[in-house]
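A.B. asks: Got a structure for you, written out below as structure tokens; questions coming shortly.
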Amino acid sequence: MRLPWELLVLQSFMLCLADDYTLHGPVFVQEPSHVMFPLDSEEKKVKLSCEVKGNPKPHIRWKINGTDVDIGMDFRYSVVDGSLLINNPNKTQDAGTYQCIATNSFGTIVSREAKLQFAYLENFKTRTRSTVSVRRGQGMVLLCGPPPHSGELSYAWIFNEYPSYQDNRRFVSQETGNLYIAKVEKSDVGNYTCVVTNTVTNHKVLGPPTPLILRNDGVMGEYEPKIEVQFPETVPAEKGTTVKLECFALGNPVPTILWRRADGKPIARKARRHKSNGILEIPNFQQEDAGSYECVAENSRGKNVAKGQLTFYAQPNWVQIINDIHVAMEESVFWECKANGRPKPTYRWLKNGDPLLTRDRIQIEQGTLNITIVNLSDAGMYQCVAENKHGVIFSSAELSVIAESPDFSRTLLKRVTLVKVGGEVVIECKPKASPRPVYTWRKGREILRENERITISEDGNLRIINVTKSDAGSYTCIATNHFGTASSTGNVIVKDPTKVMVPPSSMDVTVGESIVLPCQVTHDHSLDIVFTWTFNGHLIDFDKDGDHFERVGGQDSAGDLMIRNIQLKHAGKYVCMVQTSVDKLSVAADLIVRGPPGPPEAVTIDEITDTTAQLSWRPGPDNHSPITMYVIQARTPFSVGWQAVNTVPDLVDGKTFTATVVGLNPWVEYEFRTVAANVIGIGEPSRPSEKRRTEEALPEVTPANVSGGGGSKSELVITWETVPEELQNGRGFGYVVAFRPHGKMIWMLTVLASADASRYVFRNESVRPFSPFEVKVGVFNNKGEGPFSPTTLVYSAEEEPTKPPASIFARSLSATDIEVFWASPIGKNRGRIQGYEVKYWRHDDKEENAKKIRTVGNQTSTKITNLKGSALYHLSVKAYNSAGTGPSSATVNVTTRKPPPSQPPGNIIWNSSDSKIILNWDQVKALDNESEVKGYKVLYRWNRQSSTSVIETNKTSVELSLPFDEDYIIEIKPFSDGGDGSSSEQIRIPKISNSYARGSGASTSNACTLSAISTIMISLTARSSL
């Protein structure tokens, strides 16, 4: 067997082999849990799980009821990957409490305890039961008496071979299995059988039937409830579980069940009630659910109460566990574990599976363990055990004691340490060593002695203050403990300090200006130097804020800052920070920025009338330039943004903080703001004042564009533009309409009490058509009447024409166009004529779907287009005016011409010579339903122009003279009485050269260039049209 120190040396050696091969004590991955094993299980095998990791691999053994399980002596036992397997388990031999014990070279840990129990359910011993005889109306209890068993049971009853259902009369207790009938009725007579089920094995057994009969000696009278099923006086309940309380009473009439808490608190909302309130179920039981509960059974004869106390308990639960500790020799170890539980847990400690007691260097107090002056024998596996009467929990940790000589291999002294003259330097010395070593220092070959400048700390660090050039050199730290000595050497280089030669100075500038803040230094040129600037404590980002900030200077000893287009937000403290690898320093300057004033504050409406408002405010910041004036602005729901307003005084100087706004509109909601100005500019506006409405006043603005006319017979229609709301001057705004026949003296008046009214119709049979009236419209509101608008002349409604147009005639112009003619109505016509309305429809369409077109004035003909070819159309004409249309003329008929040819000219061939183009094409023949071809139209234009010229010919060829060089686009289409037919594809003819050229419409890729022309000569008989 190795000594403890040998194990420690071996452990230290193995730790160095590989980072991914860490040696450690056993750690439980999975601990055994309680097992309820069904005796009738087909598997015939029990597994108690235990999984452990550790390096070296731990050895696993098991205990039952505190005694080692001898795997070799009983073939039924085997351990597979740490778990215990029991073949053909026996409830007599194998039931008990098991623990898993894991051990490797670092120590031993024990698992939590796990109980192995066996679930079974035997058959009922008796086969028959005595008959139960009861009176009608009497309460009854049928006993179940379950047979021997292990494991939780559930109960049900069968009544005459059918399941007995539960209601407010019947109740089956899941605690006793008994069947309770609160009040027996005739329908309850029969055989009752108790059914018992083991919830673990699902095995079910039936008890012997119990016959129930009714007695013949009368009926049971009414009586108060008698509680037969009630919960115990004390019911312990575990945290987080579901608690069920049962309560049922016999009685006549059938009692009702009510639950309540004795302390008056409401039962938790999560609680549920089942079986006609016979069961109170509380899920996820917590401390606040504990207390005294009452079951109240009540009927018309009285009530009874059953009481019981629900007590709360909780198994221990870790709040703070212990963790592995690696400690050097002669140091101390302190562990603390904490657990919650009800009742409060007690603590004990184990080392390598054995109890640990207080002695000498080891102090144990509840959940704390303190070991002083640690040595190698203290290494091992430790466990804190917390327990109460409801459970036990374990927390494990490993204590490693490190013993090694000083080693600098991973913590060498810094090779070079830079320091400035007059500065301070600390050289760290942190070798790995256990126990802590003793430190000495050398400079070169001389041992360093501590003095007022040189000190050596307890942890070995060397500190030198007020450094001089003579302190440069090599320094060696020597560490020594019981196991050996080691050293490490580093060099100190002393540099000249950095000094600021031209610092930035505080400045006073105006918005928009640009400045440079200097920052120039002298420094040791063997060191790199870095300049940084902060503004009000924040680092300036020259990339993000490059619009305003830029580093300038160009020399490594200058870090000047340029600030361009300075704004108010740039006022504040600027700090230049200079840093080298040996020192850093900073210098600061304040920048004051003068600019337009800030917004005034607390704009208040002190008094308001119908047209004025008295304002006051407090001045805002003047931004280092005195305020010279204030401007008042106002806004209403009707204005476009903020508008400057007139004030008294006219100009509000910078020392005045009140003003009267004049020229306001009455009964309008206003809000005001103030803008300050100084010699630099106009500042930001203040926040708006509260909204206030001016007082009411008489209206002053009259309606605009008073006019009218039109309407129906015997009507005078008067219209006007409404007065805008902001000019109505008060509530109750409306209009007064005044009118009289032209030349009369007496006005007729009508009042319209609506601000939105814009039209009035006077209807009277005495009103003659198209009679002149003098009209004016006035205004009023709740304050009184305002002025009237100027008088204007309005005509009454006219009468629609009374005579139809005469001499209606229509003719066809083409397949799509017809022309209609008519004459003015004959005889005296009472209504004036403003124009005519032509109605037309195709013979195949209905007249109500007819289309209409109108003419204006005295025009007595019109052209109708976009018609269908070869179609019969019906037409009629009416005269119209503002009153409507007059009677219709007689209907006339006209048929459009056949459609023009649909076939375009084909086989177009052209050739050119001596500035002439000759075109030839095939004759177009019309179809039977098309108009005969009368000739052809040749359309041509310059390639770069949109205007087109047209040549008509009755032949199938044409000759063009084109004196200028230009590309041409040419099309050809036939025409007939029905109109123009389909056009050929466009032909592009390029510029004409002296050489002979030719081409065809089928292919324009051979086309030659044509010259632009100003005159076209046709060599054959044709007529030209534009």
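Heads up, the Cβ atoms here are built off N, Cα and C, so glycines get one too.
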A.B. asks: Identify the disulfide partner of Cys384 as annotated in Swiss-Prot; candidates are Cys337, Cys429.
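C.D. replies: Partner cysteine, according to Swiss-Prot: Cys337.
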A.B. asks: Run through Asn623, Asn858 and tell me the one Swiss-Prot describes as N-linked glycosylation site.
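C.D. replies: Matching Asn623, Asn858 against Swiss-Prot annotations yields Asn858.
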A.B. asks: Using DSSP, how many residues in the compositional bias 'Basic and acidic residues' (687-696) fall into helix, strand and coil?
C.D. replies: 0 helix, 2 strand, 8 coil
A.B. asks: Please list, for the domain 'Ig-like C2-type 1' (32-117), how many residues fall into helix, strand and coil according to DSSP.
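C.D. replies: Per-class counts: 4 helix, 47 strand, 35 coil.
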A.B. asks: Out of Asn191, Asn375, Cys384, Cys429, which of these recorded positions is nearest Cys50 (disulfide bond) by C-alpha distance?
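C.D. replies: Among Asn191, Asn375, Cys384, Cys429, Cys384.
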A.B. asks: Which whole-number mean pLDDT does the model give the domain 'Ig-like C2-type 1' (32-117)?
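C.D. replies: 92, rounded to a whole number.
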